[in-house]
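Participant: Structure in structure tokens, see below.
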Amino acid sequence: MVSSTMMGRMTSSRGRAVVWLTSMAAPVVLFLTTLLLVNSRSTAYVRSPIPRNPQSSFSNFPGSKKVLQRYPSYPSSSRIGMHPSASAVAAPLEGGLHVPPSRQGGLWDRLDALYRFTRPHTIRGTILASLMGVFRCFLEHPKAFANPLQPMPRAILGLLALLCGNVFIVGINQIYDVEIDKVNKPFLPLAAQRMTGKAAWAVVLAAGAGGLAITKSFFTPLIFNMYAAGIVAGTLYSVPPFYFKRFPLIAAATIAFVRGFSLNFGVYYAVREALGIPFAWNPIVLFITRFMTVFAGVIAVSKDLPDTEGDKKYNVRTFATRVGVKNMARGAAGVLFLNYVSAIAQGVVNPSGAFRQWVMVGGHTVLAALLIQRYKKLEPDSLASIKAFYKSIWDLFYLEYALYPFL
């Protein structure tokens, strides 16, 4: 039998470990959040392509020969260039700025490349979902937050784990899609050769291992299993021979599961567990989980709208390449509109008075009107217009989380 003294020491050691990890994680979270608040346009520069380094290529990856035999159209020459030196020439891209010679190859340049490698627009969504999930729980159980410092360490660790998972998923996608990105997204660090292949793998593996370690050590088995499932789904989406990106329905379901169900349900459940509140089904959380799962599915297919050129070149058959940008955009807007209609109808019916009717109905009516307005501005033959439309979908995604605490 373990004595109470020994149990106390174990608890104390665990507490010190949480405090230590939190003290290490807090600066990282603060740094990433600060970068997200900076206007990215002010540093919207990328490098011009430079000769590829033949020492690193997809053909060197384990099992690559079998993949190339089975999928001849898969990019076989994904040579990831080394980080350019300070003498590399910078070039503007899509309205970007030239890199000042004094910053080329410097610390800020490398941090900026790392920042863009994380795909900031997805990080914003993760942070918003996390913060609003916590705020939602606070509104329902304010007494549980009587001592706000008590749940703070686990809250920071949970956010760090989510950010690690986000970086892992978007990072491994960039590693395996580097050749396609040189056509579709040449501004990304690997495609623009601002980051080495080794550095990308180091970031991805560290993020994946770190996130799994945090959730395994400090959260319940259910949260860990959901987190691990998200990591596996993100891997299957990008890594051959699975490469779920090739199958539009599976790709959409994968992203919808990770960013819709796992993120929203998982955060809420984790917060309740950290506060010692017994789990109970919540109609508002069920609504946001359902709504954002559909929304994430729309994002999953809409993200391919600006990428048809590269996807066609490498025979990646997305919905956009199959039915065309115009039809795909119309379908995405239609599904989103129906999603808003269902939210409005649910607010009107308002079973058991679960929702604030004026927020549920009024808020989603306004967002539906914004969707229609932005869809009408879409010019399917203009890449700039397509990108603006896709960005507007993410804007609506963020705005939904602004409504979430007040539903």
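Yeah, the Cβs are placed from backbone N, Cα and C, and that goes for glycine too.
Where the annotation comes from TrEMBL, it is an automatic prediction and has not been curated.
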Participant: Have a look at 23-42, 283-302 and point to the one annotated transmembrane segment in TrEMBL.
Facilitator: 283-302
Participant: Other than its close neighbours in sequence, what residues sit by the transmembrane segment (249-271), given a CB gap under 8 Å and a spacing of at least six beyond its ends?
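Facilitator: Same-chain contacts beyond the flanks: 125-126, 129-130, 133-134, 136-137, 151, 155, 158, 162, 169, 219-220, 222-223, 226-227, 229-230, 233-234, 236-237, 279, 282, 285, 288-289, 292-297, 299-301, 318.
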Participant: So if I exclude everything within five residues of the ends of the transmembrane segment (283-302), which remaining residues of that chain have a CB under 8 angstroms from its CBs? That is, six or more out.
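Facilitator: Contacts of the transmembrane segment (283-302) (Cβ under 8 Å, skipping residues fewer than 6 from its ends): 129, 136, 248, 251-261, 263-265, 268, 318-320, 328-329, 331-332, 335-336, 339, 342-343, 346, 351-352, 354-355, 389-390, 393-394, 396-397, 400, 404, 407.
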